[in-house]
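Q: According to Swiss-Prot:
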BINDING   32, 33, 34, 35, 36, 37, 38, 39  ATP binding site
COILED    209-517  coiled coil
COILED    693-949  coiled coil
COILED    978-1045  coiled coil
DOMAIN    525-654  domain 'SMC hinge'
């Protein structure tokens, strides 16, 4: 099998389809100059074979293989190799063996995507790789590819390295691998033996001793456990006996406590009767006091009216301040609008150049039209003169000659005026020279004044800069008035909030409990008052009345963790002696008589015909409250299973439900309550204090107050900074005024000084001269115009007299043209005028709007001044009213002193009521203590009962042994039972157990037996490993023998090929491979002889001879592992020219079934090739010329084929460099 054709398309330097071939089955050569593209053919072969290392084909990425990397419009590159497989037997495997031709294509598309085709069908890269590797053509380990560097490498190889080449060819590497693996396995066996010995002597034997000891300890541990269990049983039996005895005692004490509770309740009722009697007496005193306090009521009424008036005036002031702020905002808006209009006017001013151009163009048109009209008037005048020789509308009347006379008179007048102006100007110039001389005398004095002016101007400029800086920094102080207004509004709001807060605070303080936490308690032990811990959700605010009626006085309860904390807090704060009633609620006392959950509520809703998710008609108290999730039990306790309903009917249906499980106490949103006992309450609830709402309102107002306080602080700071800056501005403005006045005075001095007077006269003369020059310029223009008119008239008279008819026709034609031209220009002038008028109209509109806004600004300022005046009047009125209020309060104080007798009686009655209340509180406290005692007893009863039940349930043996409890002569005799002695015995045993348990091994018995088994197993394994080691040593010895035999046989075969190849390449010379020191393990070396005269060293040879020797060895190695194709890249570079001519014969004789593709630069090499491809580079394109030589008859071949020389020229683009 051999390469028949290579087709390149868009690959490297081959932009179009290029067919290289046909190739000869044996010797093919490629030649060409450097840069001609010859190496690209070898790169193409490597590319198709699937080379991985792109550096070997001189690119970094696949895109670079496309012609000019795709920049010339070619985005795809492909290489196709056509193999001829007609020779039999084929080296290929199935299914390729019977195919005559095989085509492999590889394509690369810009972007790096590539694909393979095998016989025009898509193929995987692995299929292609397997195809070539089946032919021993592995491009990524290419033995068939010989580069120039490989020859140099072989020349410099040492004997051991040369031996390595033979080993590689012989396949003894496999022996080496097996031998190495066997040695590694033997080392592992040695290690295993060492490990087994180590385990036996260092682990197993010591472990056996250790486990024996652990086994004894474990038996002791089990015995101790049995003893402990016996003592614990006695102790449990004692606990059970004591708990059962405690149950009986608690039941007796509870009966006694209940009797005492009834006595205390009776005493409290009697105290309530006495309190009621004193309250009636107190009301009587109040009535008498009210009768005597009518004047006081009048004064109080007047006081309230004054306070109301002050409040009203403050509201008015606040409204006026708001109005003032509104007007100030309006003023700022007007200012912004004025600035906006000014900006627009400024924009028109910036576009003034364009407007001026339009205006100039318009003026030029006007002038042009006027000139043309004058010319038309002239022509018409002339025409009139020609037609009628009468008068016309011009200032000059009469015939042509009369007009000529008038023009000449006017010309004479103009010339006279010119002479007068010239003489006057000359006189004035002389006068100016005289005045300048006179001015020099006063220059010194003037310069001193001028210096003063410069100094003042500098000072003025500095002041202006400072003012500009301040105005920019503080935005022209526009915020000042706004901030003042904001401050007043905030102050008034805070005053109002403070009054509202005080009212709310008084309400809260009426129930607030002030307390201190003892040092032996934590802050978390006191949770706080109920009203602070819960909150009604905003969406359920309509339930507020119902919630307050349910909770009532419980809102003021102080919640603590337990009874002990309650007791400490009560005693520490001395609540019993205080005037305010304080109720402490320990968490453990919150006994819920009936717990209500969501499922119960849903059942109620279903029962009354509502949707189970309807939360508006039947309301679950947990849904409407905000609280800490840890306090859910408290909420259950507070509401005590009461539900809130939207109407009375729903309440009745739920409360009076025959099914008691679905019957609950209910209350309507209006406050009508229905109890399960059958009672109902309701009525007017107008005076109910909705305390939770007030507390939330208080918190909200307090937050508002703090927010306003922070805002006020911020506004005050800003205002202070602005006022400070404004003060600075006033000072600078005064300084600026002074500097401006100084400058005006200096300018007046400069004007009134002698220098200034003379200078003024000089300027007046200069102005007069300039004026005269302007008039003179007009006179010169008039003179020129009159001269031209006179000349023209004289010419017209002459022409008219010569040709009157023709003159008339010409004048008519000229007049017609002038009229048309004037009409055209007037149309253009009209358009220009409209454009200018639009711009001027827009400017005028903006100016009018600005003027209107300016007037509005003045009006707004006046309104603000009026409002400020009103605010001032209101504040004066407030101050006067406050003074009146103070006088009134003094009168009330004087009047109050006259009520001392009533007060004494009242104090006596109040004292009695307070004493009774105190006594009642003490009784209530005793009752509460008794209740707590009852709760403790009930708790103890429950604890004892629970203990009995728990012990009975968890220790089933109690049922059998209970009759023996506290019986003599049994293990459960409690007469001499001492808990501490039992505990000590148990403790002693547990201590011993703890010591044993540290190192106890509960599996010691099983482990001891297992370790004995392991010991026997390891001894058996040790014997097995020793036997395996012996077998491995025998295998290694056998491998060494086989390797030596195989290597020697390969050496002899390669030596034979080496001698034959070298003799073919170099006539009259012999070569051989010699074993170093008679031992193949020492390596081999190459020997050479000329005419049977063997050289001792290769150093005597030329470089070409040494290269030929290395080439022969490489080819001999290749022949051992024959492949269908060999590629040699410039291997003749190191060869002499006369050594290359026999390479063709060598290929034919030594490699009759292999194809050679050789890249060469030497004629001696390629001139003997069967087919020669010559590469050239013409006009940026590579060309390929094929030369097929006559095949001469070889000694090893009989086939003779006549091949005509043919030349195929393929134009290509610029190639890669070789």
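Backbone N, Cα and C atoms are what each Cβ position is placed from, and that goes for glycine too.
In terms of burial and nearby residues, how do these features look in this structure?
A: Secondary structure from DSSP puts residue 36 (ATP binding site) in coil.
Across all of the coiled coil (209-517), the predicted model scores a mean pLDDT of 77.
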Q: Where's the emptiest Cβ shell within 10 Å among the binding-site residues 32, 35, 37?
A: 35
Q: Using DSSP, how many residues of the domain 'SMC hinge' (525-654) fall into helix, strand and coil, respectively?
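A: Helix, strand, coil within the domain 'SMC hinge' (525-654): 72 helix, 19 strand, 39 coil.
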Q: Within 10 Å of the Cβ of residue 39 (ATP binding site), how many other Cβ atoms are there?
A: 23
Q: Which residues does residue 33 (ATP binding site) neighbour through Cβ under 8 Å, counting only same-chain ones at least six apart?
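A: Within the chain, residue 33 (ATP binding site) has Cβ neighbours under 8 Å at 1175, 1176, 1177.
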